[in-house]
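Reviewing the structure listed below.
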Amino acid sequence: MSVNGNSNAFLNAEDPESITAPLISGQRSAPNSTSQVALVGANVCPIESLDYEILENEFFKQDWRSRGKMQVFQYIFMKWFLCFLVGLIVGLIGFCNNLAVENIAGIKFVITSNMMLKSRFLLAFIVFFFSNLALTLFASMITSFVAPVAAGSGIPEVKAYLNGVDAPGIFSIRTLFVKIVGSVSAVSSSLLIGKAGPMVHTGACVASLLSQGGSKKYGLTWKWFRYFKNDRDRRDLVTCGSAAGIAASFRSPVGGVLFAFEEMASWWRSALLWRAFFTTAVIAIVLRALIDVCLSGKCGLFGTGGLIMFDVYSASVSYHIADVPPVLLLGFVGGILGSLYNSLLTKVLRIYNLINERGVIYKILIACTISIFTSCLLFGLPWLASCRPCPADAAEACPTIGRSGNFKKFQCPPGHYNDLASLIFNTNDDAIRNLFSKNTDSEFHFASIIIFFVTCFFLSIFSYGVVAPAGLFVPVIVTGASYGRFVGMLVGSHSNLNHGLYAVLGAASLLGGTMRMTVSLCVIILELTNNLLLLPLIMVVLLVSKTTADAFNGNIYDLIMKAKGLPYLEAHVEPYMRQLTVADVVTGPLQLFYGIEKVGNIVHVLRTTGHNGFPVIDELPLSESPVLFGIVLRAHLIELLKKKAFVSTPVPTSTDSFKRFSSEDFAKRGSGNGDKIEDIKLNEEELEMFIDLHPFTNASPYTVVETMSLAKALILFREVGLRHLLVIPKISTRSPVVGILTRHDFMPEHILSLNPMLVNSRWKRLRFRLAPPAKLF
C-alpha cells in the first residue's frame, strides 16, 4: 500500500543525485536510491542506521515473561564477563603490538646503525630504504585486498557507529586481523603514523565480535551470548572497547574512559561508566603483569620500559605568574596550527581519494611513494645538522650506540652526536621520549628543532591517507612536542619551566587544536608523563587551543566523518530547525501494511523497496476507523516469510503461533549477515495467503505530531537512539500516519535542499562557513 508521506529510505527516491554523497568520493554514477551512501574503506556503499529502541511487541513480552531468575543472572553476569574479556584481549593485543613494533623497528635501526659505525653509509641507506618499503608494501597490500575498511585510524567509523550508523564490514574478523597486522607493519616502516587510533578500532572490533556471540561459520557460537544480539547491548560493549583501545595504547585507563565519554559515545549512563572503568582496569592489570615480564629482559629490543610512558616528572618543578603568558601564547598558536593541520589533512584526503578511484594499484603506489619519500627524508635530513660535542654531564652514554637514545652518533666523529638524528632517525615513541626528557635544554639546536617540526607537521599529513591502518595521536604528539620545545627555546631563561615541560605543553596544545578534547586529553597526558604538577598549565593550554581552533573548523574526526558522508547526528540543534516542523521535511511515498496482510503484497513491497520499517494500520473489521497499530521491521517480516507463518484466511492468530519461533530468530545478526528477500522462495498458493503482523509489530513506537518543531524531534530522535520516528496528523484524516522520520531527514544537507529559502540565511552561513554542503556528484 502506498500513500503520500515520508519515505523510510535514507535518500529521496526522486532525486538520483543525492546531496548526501560523500565529499571525498568522485563517483559520478547515481547512488543507491534506497539508502544513504558513504565512503567505507575504499568503496562507496549504502549504509543503514542502528535501532536502539526496544521493540515491545507481543512476542518480545512473552519471551521476557518466560525468563527465570537464572536467565536474568546470566544476562547480568555476561555483561561484566564480556567486559572482562574485552579488557583481557585488548590488553594482550596492545602489548603485542608495542612489542612487535619495537622489535621490528629496533632490528632495522640496529642493523642500519652498525653499518654506519663502519662508515658504510650507502649500504645502510639501502637496507633502511628497502626494509621500510617492504613493510609499507605489505601493510598496503593486505589492507587493499583483505579489508580496505581497515585503512586509517577507524575512530571516525567507530564514533559514527556509536551514534547509530551501521557501516558494512567495519567490525568483521578480517578487519580486525588487518587492523592488527597492518598497524604493526605500517608503524614499523617509519611512516609518521600512530597505533592509538587503530587500537581504538581494534578494541571496538573485539567488543563487537564478542557481543555477536562469535561466529556460526567457525562454530564459535555460545548459547549465553543470545542476550546480546541487539543493537543496544552491542553499542554499550563497543563503547567499552573504544575506551579499552586508548587504555591499551597509552597505559591510560582513566583517560580511556574519559575519551570514550567525551569523544566517542553519543549515549552515556552511570551503568556504562562502571563497565567501561572495569574494562580499562583489567587492561591496566594485564599491562602491569606483562611489563613485569619485560623487566626480566625477555622482551628483546622492547627493553624494560613501560609501553609509551614518557616520564618527565621532576620534584623541583615550580612556576610563577610570569610563566603563564608564554603558556597562553603557546596554546593560542597551537590552536591555529591545529586548525591548519585539520584543514590541510582534509584536502590531502580528497586528493588521495581521487587517485585511489583509479584502482588498487594506485593506492599501493601512493603508499610506496610516501614510504620512499619518508625514508629519504629520515636518512637525508640529519646530514644537514652539524655534529655537537657530547655534554660532560650526560646522564647516558654519549654518543648512543644502538637503536635509541638522546645522543645518536649517525655520521659524527667519536665524542660527538647528531641532535637531529636523535629525533628523526628514530621511532616515534623514542623521539617523544627525547623531546619530553628533562635536563636536556642544551642538547638540541634551534635549526634541528625547526626542521624536525616542519618535517613532522607535513609528513604526518601526507602519511595518514595511505591505504594502511594509521593513527593521528602519536604524530600529533610528536609534532606538538617539537613545537613546544621550540617555544621553550625562544623563552629561554625567562621561564622557570625546562624545555621538556614546554614539549609536553606543546603536545597538549596541538592535540587540543586538532582533536578538540579537553578533559580526556588532560588526563591522558598526565598518565603518559606521570607529572601531576603540570595539571593547571595543561588545563589552560587545552582550553585556549580548543577555543582558538573552534573559531576556524571542527575537530579532525568530525571533518573526516563529514568528508566520508557518514550521517552523524550532532548533539546541538541548528537554530533554523526551530523554524521548521517535521511536516516540512517528510517526503513520500510511504509504504505501510495492514495488521493482517497478504503475503504477496509483503513480498512485492520488500522486493521493490529498501525500507527497513513499515507502519502497520488497522481498518474494518478490526477497527471502526483507520488507526495506527505500530511499526514492523523488515528483518522481522523476512523471518516470518522464511518460517512461512501463514494463515489461509485473514483472521487474527492465537499466541500458539509463538511456538514456532524463538528469540534467536528475531535477534540482530552481525553486520551484513541478515537474510535477504531474494533468498525467500514462495509458490503461487503461498503468495495468496495471509500473515497476522500484530504479534510481531512494535505496538508502542515513538510518534510525534506533524506540527512539532524539527528541533524537538531531533532531540528526541538522538537521545533515545531511534531508527524510525512516526509522524501522525494533528487532525484526524483518512491516514493515521503522515510519514516516517529517519536519520537522513535530520541531515542539514537534506533540510536545506527541501527549504532553499534557508540557504542564504544568516544561520546557514554561520553553520557552513568552513564546511560547505556536500557537492553533487
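Glycine is no exception: its Cβ is also placed from the backbone N, Cα and C atoms.
Going by TrEMBL, these are the annotated features:
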TRANSMEM  77-100  transmembrane segment
TRANSMEM  121-151  transmembrane segment
TRANSMEM  171-193  transmembrane segment
TRANSMEM  237-261  transmembrane segment
TRANSMEM  267-287  transmembrane segment
TRANSMEM  299-321  transmembrane segment
TRANSMEM  327-348  transmembrane segment
TRANSMEM  360-381  transmembrane segment
TRANSMEM  446-479  transmembrane segment
TRANSMEM  500-526  transmembrane segment
TRANSMEM  532-552  transmembrane segment
Contacting positions for the transmembrane segment (267-287) when only residues 6+ beyond its ends and CB under 8 Å are counted: 52, 79-80, 83-84, 86-88, 90-92, 94-95, 162, 235-236, 239-241, 243-244, 247-248, 251, 253-254, 256-257, 260-261, 306-307, 719, 721
Tertiary contacts of the transmembrane segment (77-100) (same chain, 6+ residues out, Cβ under 8 Å): 180, 183-184, 188, 195, 199, 202-203, 206-207, 210-211, 224-225, 227-228, 233, 236-237, 240-241, 244-245, 247-249, 275-276, 278-283, 286-287, 290, 299-300, 302, 307-308
Beyond the flanks of the transmembrane segment (121-151) by 6 or more, those residues with Cβ under 8 Å of it: 40-43, 104, 108, 111-113, 115, 157, 167-170, 172, 174-175, 177-179, 181-183, 185-186, 188-191, 198, 201, 360, 363-364, 367-368, 370-372, 374-376, 378-379, 411, 466-470
Beyond the flanks of the transmembrane segment (446-479) by 6 or more, those residues with Cβ under 8 Å of it: 42, 136, 139-140, 143-144, 148, 150-155, 178-179, 182-183, 185-186, 191-199, 201, 249-250, 308, 337, 341, 344-345, 348-349, 352, 356, 363-364, 366-367, 370, 373-374, 377, 381, 384-385, 419-420, 423-424, 428-429, 431-432, 435, 485-486, 489, 507, 510-511, 514-515, 556
Cβ contacts under 8 Å made by the transmembrane segment (360-381) with residues that lie 6+ beyond its boundaries: 42, 124-125, 128-129, 132-133, 136-137, 139-141, 144-145, 189-192, 352, 420, 424-425, 451, 455, 459, 462-463, 465-468
